[in-house]
Structure formats: structure tokens, C-alpha cells
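Peer 1: Handing you a structure now.
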Amino acid sequence: AVTLNLTGVLDDCFCDIESIDVFNNFKIYPHIRKLVERDFFRYYKVNLKRPCPFWPDEGQCSIKDCHVEPCPEVRVQHAWLICFNLTIPKKLVLILNQTKEAFADWAHHDDAQDHFCGLDDEMSPEAEHVDLLLNPERYTGYKGPSAWRVWNSIYEENCFKPRSVYRPLNPLAPSRGEGFYKWMEGLCLEKRVFYRLISGLHSSINIHLCAEYLLDEGWGKSVWGPNLHEFRQRFDPAETKGEGTRRLKNLYFLYLIELRALSKVTPYFERSFINLYTGNSQEDSSTKELLLQVLNETKAFPMHFDESSMFAGHKIESKTLKEEFRLHFKNISRIMDCVGCSKCRLWGTLQTQGLGTALRILFSEKEIKKLPENSPSKGFQLTRQEIVALLNGFARLSTSIKELHNFRTLLKDQR
């Protein structure tokens, strides 16, 4: 019988897995699933043609499920009416242009030092709007050395790790990684957190691929669903020498970090002039209402991660460490340009930017507290791109925890 040993209190915080399961599956998941289907959140502008800056480009994956379908009728100059074939009245054009100018002004004043991700150039001619509902994250067949190389580069070069220490079960390493966790125990909290965030993101992506697996292509129609064999290969403690449980605990840890960020950023969205603009005032109003409902649920969670213990040491050392943290994360966002599968790159980029935005929120508490009630602030702003990535990224984590519950049920049924 397979048991995931997924229970009890998580390391580096005071929250237990069972509480997260109940909170997510009953209070968060049903609402955030609806939220990301709204027009404001379903369109994401991304440049999938940037070259890989770290090794020679191996070309794009030729598997049909790797392909991303961009919006066919994008009006880039009217970004809030994406993918709709609408006749735009002159008055609305004026409003749209004014809104666009306001966002451009905010973006201009954003402090680049605060960003944990390389922000995509939204005005790049190669950036396209993608309908996330038409391009769901799922198994595409992209795997093997090319995919390993990307994750290996993320872990080996960006997780504060010396080259002499090897990760367990790394297919590209000469060692089994016996000393890895002993090395990790000696790290400061911030560096441990960084590794666990990346591992959690990796686990979450793997759960999505196992949950939405191509089961059958018969009669011209693809059938997608959970693949228990794939799940066990990645997470069964017996098949992963105990690594599977650690990977899943890191997913829960990542969920807590992003949950904390959402609770912290609630005052930003509570201000009356913040409008999730699409041009449909009725839908915009109900979208904001639904967003605030989700955010208020996050605030009510009783066992939040305490980020005040991070970067809390000596002032100069903390500043250096925070900058290292930011640069490592920015580098990971560039490694996503090396993913050969367009759909994997789309979702990898979005989720990395979502996590980067969450980190920026956690380390901007003073700026958020000083936000003026009735006007934009140059001290802290979120771009539309960051908002879309933040909520969709968290929705992916919420989905992972819900899917994990489904996999545990399937494993029980197999006994």
C-alpha cells in the first residue's frame, strides 16, 4: 500500500498540513477557480520568442500539445478588450487611452530594484496575449534531457548551493546526494526558504502534469485525466527514496508563502479607485467583489507564515542577502526562456512571475501600509501583468493541493 506520510507541522513555520487542506479545498479553491475564469485574469501577455541566454537554442518542441494558441484578434492598443471583436466607441477609446497612459506612468515609476522577476516587455512586438483558458497547463510530452537541463540549471546555479553538494535523485549528477539535507540544515532561514520555494513550484507543476495527462487520443478526441503511475513515479516515497514526501511538503510551504502575500496585499485592492478594467463595468465590479472575497478569506487564515524572521539580521548583511535572493530569482525567470515547449514556457513564466510578485509584496510591507486611499502611489504599484500572474499562480497552487487530495483518494482505492 502506498502512503505519502503527508501529515503534521511543516518545517520553518507553525502550520499543519491538515489545516491547509481543509482551508484550501473548501474556502479558497471554489472561489479562486471562478476568479481566474473572469476576463481580467484569463488573458496574459507574454513573449514566448525570447532566445535562451544560457545555452544554444535547441529549437521549439514539435509535439502538437506543446503549441500555444495566441488570441487571434488581439487589439494591443486596447489591451483591456483582448480577444473580443468589438466596435469601440470614441468615448471608450479616450477612456482606454487615458487608462493606458496611467498604467504606463505607474510602470515608469516602479522601482526596478523591487522586482523579483524580469518583467516582460509588454510593448515588445513579439509579446502576444494568450487566453489561459484555451491553453491549459497539462502534460504535453515534453520531457527527458532538455527538461532536466532547465530544472538542473535552476537548482544548481540559483539555490545558493556549492557544486560539491548534489541534490538527491538528480539524473544529471554523479552522486546520490547523501549529504544534501545535512548541508541544508546549516543554511540560514532565507536560503532554506529559497530552495523550498523552487522545490514547491517544481512539485506543483509536476502535479498538474500528472492530473491532466493525455490518457487517450481515440476517435479524434483527446481524453485528459489523472495518471496514477506518473504520480507515483514522482511522489511515492518507496519509488523516490522518501523524496516524494519532502517535495509535497515544499508545495505546502510555497502555498503558505503566496497565501501570506495575498493577505498582505489586500489593502492595495480594497481602495475604491482600483478597478480591474476590461471595459465591461458590470463584470469589472463583480470581478473585484470576487477578488476581495478571496483576499478576505486569506486574511482570515489563522496560521500564516511569519516573514518578519526573514532578512531580520544585521542591516548590511540583510540587504546583501535580499539582493542576492532577488537576483537569483530574476535569473530563474530568464531560465524559463530556455524551455523548449511553448505551453510549458507559458505556464512556467506565469508561475515564476506570480511567485516573484508574491515575494515583492512580502518585502514591501512598509510601502503598502503607506498607500494613499484615493490616489495611486509611486511607492508601490502592481502592473496588470503582475496581478494576473499573482492570482493565476496562486490558483495553480490551490489546484495542486485539491488534485493532491484526489490522488490520495485514488491511492486509497487501490489498496
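Backbone N, Cα and C define each Cβ position, glycine as well.
Heads up, TrEMBL stuff is auto-annotated, nobody curated it.
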Peer 1: Have a look at TrEMBL and say which candidate in CYS338, CYS341 forms the disulphide with CYS344.
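Peer 2: Among CYS338, CYS341, the cysteine that TrEMBL links to CYS344 by a disulfide bond is CYS341.
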Peer 1: Just checking: which of SER199, HIS202, ARG234 have a Cα that is within 10 Å of the Cα of CYS341 (active site, nucleophile), counting only these binding-site residues?
Peer 2: none
Peer 1: What whole-number Å value do you get for the CA-CA distance of SER199 (FAD binding site) and CYS344 (active site)?
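Peer 2: That separation, Cα to Cα, works out to 17 Å.
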Peer 1: Max CA to CA distance in Å over the FAD-binding set ARG138, THR140, TRP151, SER199, HIS202, ARG234?
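Peer 2: The span, Cα to Cα at its widest, is 21 Å.
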Peer 1: At the level of the C-alpha atoms, what whole-angstrom distance separates ARG234 (FAD binding site) and CYS344 (active site)?
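Peer 2: With distance taken Cα to Cα, CYS344 (active site) is 18 Å from ARG234 (FAD binding site).
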Peer 1: Hey, how far is HIS202 (FAD binding site) from CYS66 (disulfide bond), Cα to Cα, in Å?
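Peer 2: Answer for this pair: 18 Å between alpha carbons.
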Peer 1: Using a 10 Å cut-off between Cα atoms, which of these recorded positions sit near CYS66 (disulfide bond): THR140, TRP151, CYS344?
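Peer 2: Passing the 10 Å Cα cut: THR140, CYS344.
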